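Engineer: Have a look at this one.
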């Protein structure tokens with residue numbers, strides 16, 4: 001990997017602040033690519049060369065936010081992975097999927113965060129060369145797609161468990177491993193073509209401090225690839241998730257209605273036993289956590305998907321470096337929220353985390369936590 005160009009950020013900075021240091025004025029006629037090395041200019045799309053230098057404070061703020069997200073991701077996902085590796089009671093088929101999600105999110109930030117943060121404070125342009133841009137692009141795509149398809153697998157597992165009740169098929173270790181192998185094979189298959197330059201390519205984007213797949217080149221090949229990756233990484237998984245969780249909601253309401261009608265006929269308050277109530281409460285709680293994570297994923301990734309589709313098929317005039325860069329960085333929020341919504345909300349994961357990392361929790365352990373900690377035969381987190 002070659003490092004390109006003059007790396008003195010202060011020397012390369014174009015523009016100035018006023019006497020009080022409050023406003024940033026780009027020099028007249030300056031562009032954000034002025035002074036960029038020839039190697040980098042070969043892969044920068046001409047669209048980005050027409051913009052003046054952005055206020056460096058924008059990148060610094062984004063890098064600061066990214067740094068905070070990196071810490072949250074490292075602590076949250078790292079804790080989930082560690083307790084799973086050291087606690088045999090957590091090694092159930094369903095929890096394998098939760099840990100796979102934590103690994104995907106952990107690797108996402110591990111592969112993206114240090115490169116971006118260093119780049120922002122040391123260079124006006126992408127620092128890590130052409131090969132570094134390609135590695136940054138494929139790892140971001142690989143772990144991002146791996147995460148959403150792991151959420152699909154978790155949603156499907158919840159759908160099977162809740163809609164089929166106790167008599168339905170159960171996820172086994174073999175099935176769980178096969179799902180995980182499919183997830184990573186699928187993610188690699190989607191992201192490998194631009195890395196191999198077989199279809200599409202990875203290029204700097206926005207403020208030129210990150211890389212992604214090319215969505216601006218006005219050719220049939222690039223437009224087809226944008227449509228392909230949008231369908232494979234966004235439309236298909238969200239369609240499956242919508243189906244699974246809509247069926248879960250319908251099944252829960254139908255089941256509750258049936259129980260109320262039967263209880264009314266028998267002149268009793270409820271047909272549930274204490275054990276049934278605890279188990280279903282746990283199942284519904286985990287399903288709600290999964291659904292919350294899906295909604296957060298949609299809210300976080302949709303702005304960037306909109307930018308990509310607009311750049312490829314819409315009014316490209318709306319796409320500026322800042323408009324592109326902010327959603328790109330904001331996507332990393334998903335990698336930090338997933339451990340909080342998925343794993344830490346699982347009763348048994350929560351109990352294990354509380355035991356090993358008591359400083360993560362400010363509140364006292366509730367009675368429901370005590371009950372879930374000793375309940376080892378729950379469908380989703382059974383030992």
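Heads up, the Cβ atoms here are built off N, Cα and C, so glycines get one too.
Pulled from TrEMBL, these are the listed features:
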- 76-342: domain 'G-protein coupled receptors family 1 profile' (DOMAIN)
- 57-85: transmembrane segment (TRANSMEM)
- 97-119: transmembrane segment (TRANSMEM)
- 125-156: transmembrane segment (TRANSMEM)
- 177-196: transmembrane segment (TRANSMEM)
- 225-254: transmembrane segment (TRANSMEM)
- 291-314: transmembrane segment (TRANSMEM)
- 326-345: transmembrane segment (TRANSMEM)
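Locate each feature and note its surroundings.
Structural biologist: Long-range contacts of the transmembrane segment (57-85) within its own chain (CB-CB distance under 8 A, at least 6 residues past either end) are made by residues 24, 91, 95, 98-99, 102-103, 105-106, 108-110, 113-114, 116-117, 120-121, 207, 209, 322, 325-326, 329, 332-333, 335-336, 338-340, 343-344, 349, 352-353, 356-357, 360.
Remote same-chain partners of the transmembrane segment (97-119), defined as residues 6 or more beyond its termini with a Cβ less than 8 Å from a stretch Cβ, comprise 63, 66-67, 69-70, 73-74, 77-78, 80-81, 84, 126-128, 132, 135-136, 139-140, 143-144, 146-147, 150-151, 153-154, 157, 176, 179-180, 183, 209-210, 329, 332, 334-336, 338-339, 342-343, 346, 349.
Packing against the transmembrane segment (177-196) from elsewhere in the chain are residues 96-97, 100, 134, 137-138, 141-143, 145-146, 149-150, 153, 202, 213-214, 225, 228-229, 232-233: each is 6 or more residues past its ends and has a CB under 8 Å from a CB in it.
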